[in-house]
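Heads up: the structure comes next, in structure tokens.
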Amino acid sequence: MNPGFPVTKLNKLVSLETLALAAIAIAVLLRIVNLGSREFWYDEVLSLLLATGQKSAYQTPKDIPVALAEYLPLLTLPLESGFGAVISTVKELLLSLLGGEPHPPLFYLSQHLWLRLFGNSEASMRSLNTLFSIGAIASAYSLGKVFIGHRGGLLLAAFLGINPFYLFHSLNVRMYAPLVLWTTLSAAALFHLIKESPKSKANHSLHHQLWWNILFIGSIAAGLLTFYFYLYWVIALAVLVVYLDRQHWWQHGLRLGAGVMLTIPWMLWGGIKQIRSADLQRFGSLKNTGSAILTHLQDTTQTLASNLVLGDWVTSLPTISIVIVGCLAIAFIIASSLKLWRQGERKDLTVALILGILPLLIALGLDIVTKKTTLNFGGGRTMIIILPGCLLLLTLWLEKALSSQWRTLVISSLLLLYLTIGISDFSLRQRSIFHSVAEIISQQKEQPILIAMNSKAWGHVLRLAYYAPSKTPVMLLAEHPADLATSLEKVLKNETQQYPRILWLESANPVWSKLKTSAQIETEHQKMQEILSKQFQLTKTQNLTGTMDLDSFTLKVYNRSTNS
């Protein structure tokens, strides 16, 4: 029996082009189907608050109950009368970015426009990023086509479209979906500019060059105004210019410079202020050399694992599993690079490594020098700019180094792996924490309810406000974990109205002022139970979990005792 028969039969059964097109269609469908399948997570509701231009109106809850409905208007556009009021709202949006928000304004401005057009529902807010991601898939095709060919372009677009990490961020109201668009678009435009001869005088060539110049300069500016770490990508493009087209380096340099110059007004006005107010402590400080080396190695493996294989599953898996997957990703990068080198594809290999690995090495080098840990911050999302380049390396290996006999089987397996990871993420890991709270509130809509929560974090407060029934009289007592019991006791002693029900919502990650030891946590638990048991009876306990530790809560429902 011919051992290659099943593989040969598969090759004849379906073409690679058909496989890639099917994967692209599935990628688009998955985005549409899952637009509203999950509630907002912590950072998404902050994006919504910033997009409304009302961040300055937000006030952190104090030690007395506040009507939860008071926060709801902050998640919609303010009342405006006339064009001047619209300009004022946009001005407030820009000013709100200067005090602690470490990101440029383009993403928030685009979301602000989208909010005006389509409202603040989950599907509406996420749909803009979904469109950006579809644009990134299209530009990935252009990049792969000019670099490898038509089939290579389809494969690169397919891999990017169903990549679990990018699928997640395509449905996430943060800046990472458009960031990948500006990454792929700038690379595709640069390759087209290098490929087309500047000496050609044909009208169609001049029109093409003008078009690619506009796209290249625009995507450089847009990328820098979306995420500051995009600068690593700009450096990689500059290195690519020197490597591929040194003869015309100054023309490409002018284009890069023009894109950077377009960002100067913001950088001088807002960027400097953001740097001065930046919270660099979030990136840690590594002092011990031995532990620093291990931390940097772990960050590198985890970043590659999340970007290339696991996607947002990294928020639920143990660190050791993520590191192992990252090591396998590194092993594949090394093995595929060696294979391409031996196959004589040294030039194309170098290009793929410049786009996929150089930005990672730049970030790693800066982390080592500054003793910080930015590389894997946010589960690897700060380095999502390496994703197109790494997938380009994968596509190059499949097209140039892998035997044609096995190509269809390997590509089918990789596409199936990506689809399995991505689909399971959205089907097995639900996020409906505050929907569950809202359902319990709705059981007695007419009666006032007090929610006692051990967190003042605005991501928790605003999500409560967004999902709670707006017509139900809900009061919120949000306090630091160490102060919640004391404040609740004062409220119950001095209350002007008697609450029929109290919901004790305990966050496993209160973000601010966490209790340091399990003994402290247990002490505060006992205080809360003692205070509540005097007038209330525990009727329900429910563990609420989502896709990350910020989504982990314990909800306890207390009804007032009949004899109190």
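Cβ atoms here come from the backbone N, Cα and C positions, even for glycine.
Feature annotations, courtesy of TrEMBL:
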- 103-269: domain 'Glycosyltransferase RgtA/B/C/D-like' (DOMAIN)
- 13-33: transmembrane segment (TRANSMEM)
- 148-168: transmembrane segment (TRANSMEM)
- 175-194: transmembrane segment (TRANSMEM)
- 214-244: transmembrane segment (TRANSMEM)
- 256-272: transmembrane segment (TRANSMEM)
- 317-338: transmembrane segment (TRANSMEM)
- 350-369: transmembrane segment (TRANSMEM)
- 375-397: transmembrane segment (TRANSMEM)
- 409-428: transmembrane segment (TRANSMEM)
- Query: Are there 3 or more C-beta pairs under 8 Å linking the transmembrane segment (13-33) with the transmembrane segment (350-369), counting only pairs at least 6 apart in sequence?
  - Reply: no
- For the transmembrane segment (256-272), sequence-distant contacts whose Cβ falls under 8 Å of one of its Cβ atoms, 6 or more beyond its ends: 94, 97-98, 104-105, 216-221, 224-225, 228, 234, 237-238, 241
- Task: Could you tell me whether the transmembrane segment (317-338) and the transmembrane segment (175-194) are in contact, taking contact to mean 3+ Cβ pairs under 8 Å with a sequence separation of 6 or more?
- Result: no
- Chain residues in Cβ proximity to the transmembrane segment (13-33) (below 8 Å; excluding those fewer than six residues from its ends, i.e. six or more beyond): 130, 133-134, 137, 150-151, 154-155, 157-159, 161-162, 167, 170-171, 407-408, 411-412, 415, 419, 422-423, 426
- Query: Does the transmembrane segment (317-338) reach the transmembrane segment (214-244), going by 3 or more CB pairs under 8 Å (6 or more apart in sequence)?
  - Reply: no
- Message: Quick test of the contact rule: Cβ under 8 Å, at least six residues beyond the ends. What residues does that give for the transmembrane segment (148-168)?
- Response: 16-17, 19-21, 23-24, 26-28, 30-31, 133, 136-138, 140-142, 177, 180, 184, 306-313, 348, 380-381, 384, 387-388, 391-392, 394-396, 398-400, 411, 414-415, 418-419, 421-422, 425
- Looking only at residues six or more beyond either end of the transmembrane segment (214-244), which have a C-beta under 8 A from one in the stretch? 102-107, 175-176, 178-179, 181-183, 185-190, 193-194, 252-253, 255-256, 258-260, 262-263, 266, 271, 350-351, 354-355, 358-359, 362-363, 374, 382-383, 385, 389
- Looking only at the domain 'Glycosyltransferase RgtA/B/C/D-like' (103-269), what is the mean pLDDT? 94
